[in-house]
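Listed in TrEMBL for this protein:
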type	residues	note
DOMAIN	14-51	domain 'LRRNT'
DOMAIN	81-132	domain 'LRRCT'
TRANSMEM	142-164	transmembrane segment
Amino acid sequence: SPAWRAPLTTCFSMCPSPCICTQYRHGGLHVDCSSRFLKNVYMPLPENTVSLSFQNNMLTNIHSGRLDKLNHIQTLNLSQNPWSCDCNIAYLKHWMEDNPNVVVTGATCQSPLHCQRMPIIQLTGNEFASCGGRQHVDCQGFFANTVIMMSLMLLIIILVAWAASVSKENAS
């Protein structure tokens, strides 16, 4: 093991299976999940991760929120994975934009064809045109539904007020 790292001996429970963790002498973990045939990142990652490697797996995306608690991460190796730069890659792209101090290597699209070999961080969002159906907001429809709902609520209030006044007149 390199001089700047010592094997993790006390916190095996923190290390996600099937990864190998090494504790840095000055704190923090190197989490090595390389060459584990991973298709997705399903395991919780230790919050004190400083260096993380997913090199040489079968990852096509990383699910939303999976990297959010890694507040101490400095390096992330994503090389040699078949990254699919479709709707599902947006989380990783935004995470990289939100964490510019993290050195990310190997985050390059393999598919679709028009994005092949493009760094994920360079995606503009135009590549996600096919995602529009799920994220599109129909403002006119939303406005029309709101007007209808407000009209129904107003009608109910008027009917309740009328019923209360009729009931009050009959009681007198």
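Cβ from N, Cα, C; glycine included.
Broken down by DSSP into helix, strand and coil, the domain 'LRRCT' (81-132) contains 25 helix, 10 strand, 17 coil.
Using a Cβ-Cβ cut-off under 8 Å and counting only residues 6 or more beyond its ends in the same chain, the transmembrane segment (142-164) has no close neighbours at all. In this model, the domain 'LRRNT' (14-51) carries an average pLDDT of 95. Within the domain 'LRRNT' (14-51), the DSSP-based counts of helix, strand and coil residues read 1 helix, 12 strand, 25 coil.
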